[in-house]
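As written in Swiss-Prot, here are the features:
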- 411: active site (ACT_SITE)
- 53-54, 131, 177-179, 197, 202, 243-244, 264-268, 274-275, 323, 493: NAD(+) binding site (BINDING)
């Protein structure tokens, strides 16, 4: 098998309503979510199976996609489909409470876990980059990261600006599937933003979906707009078509002072995701095929200049942070020895949430009916009545976020809350309040499901940044708990060799059996995050574990000795 069958001039959309294509909702759900990942409203390049994040794909090639669809259509509720890097490799008899699909994407033996070896396998058709939610079939468009980015900006505002970002502006780059969330997140947090993107098509997509408000005609126009809006205290997002490796150094030379600096280009993948300065996108794609080593070097050289500019802002005292694309590592590889002087966003702003199992809980309406999402929004408010911040997020999301593909919602909630919400949603399906089942999943970027020393597990207080037993245990436990599909990936977010991570999705079809699975999965999944952080010695996590009654033998022993 080769990688050649990766283009098909077609459009895919998931079925809507209650008519089944597969044999049950347990198999209809992964089928619809696979197709939803490739909906033109959702995916970055669906005709080549690319969902987001450089070359993050939903299936290895179109032949594999067709066989996955065929397998899911005929799969029984006591069988499990195995997916190996986007290729359906087996169907096995299991049982009704086992996952219907088990997915392993992009995993390599550590010595060979690098882009060079992966790209060789990719060209031969032996591997597929699954990113995080591309190959695990639970991507919901840019909304999937909006709240996490919003929470980051809000916390940065608390730490650096007295709790308000009014009249402030964020400098960043990248308007792809993940980076496209930044302008809207900044606006929702009360800040202006200047968002640099080298592909006009991506700017057009974000303008169309209302994730970005305006496009500047050129560099000077962008700065003039920023000055106008910040002076008026307005939160407006501005896109600028250009190369960050050229624009950020120029801003430094001019003495321009943003209030916050970050980046979400696809720097994790220098061959496919970061345009070298001075190159056109067409040249970049052409030479990636004929001169991959030269292209990687050129991209990383530009990243080094990009990071040098970020360091200059950092040394000016401007809050500057990596937003999880591994650009600091790429720059360090090119000789920028102090690349890690500015922090990643997780240790800087998010880790206290992870210690309580709080993370990106998401759900999608298989009916295709937006009213089902609005009803679940109301249920979240009803069941979590005192969280004004969460209510504000849900109100803003309804007002500002356009659904992409099947209607979906994300909100950050933690241990105890997730199971409560899942069971309530299942009951809403049972009573007919929702018109069809829903699926509940999450990003792999979560409390207990990832090992990524340059992102989610950066600067762990016990030094366990690179220990990847935790996402493996998370995947095993979600499988044992009865998630509908479970995934285990390598390289998402930060690229080959730098992360391992797992995901899960559970279906709410209104049945008693589903309720039992939901209760197990949506408790155990965030509980592994509390466990992981408690094991690392975080007091917030230890206290949460005690409050939630988690049985963590070594934590109990440690606390007993302290007493």
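Yeah, the Cβs are placed from backbone N, Cα and C, and that goes for glycine too.
Feature map: Swiss-Prot annotations on the structure.
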| residue | record | CB count, 10 Å |
| --- | --- | --- |
| 53 | NAD(+) binding site | 29 |
| 177 | NAD(+) binding site | 30 |
| 197 | NAD(+) binding site | 29 |
| 244 | NAD(+) binding site | 30 |
| 266 | NAD(+) binding site | 27 |
| 274 | NAD(+) binding site | 31 |
| 411 | active site | 21 |
| 493 | NAD(+) binding site | 26 |
Among 177, 197, 266, these being the binding-site residues, pick the one whose CA is nearest to that of the residue listed as 'active site'.
177
Which secondary structure state does DSSP assign to the residue listed as 'active site', in the simple three-class scheme?
strand
Does DSSP give residue 493 (NAD(+) binding site) helix, strand or coil?
coil
Helix, strand or coil at residue 197 (NAD(+) binding site), per DSSP?
strand
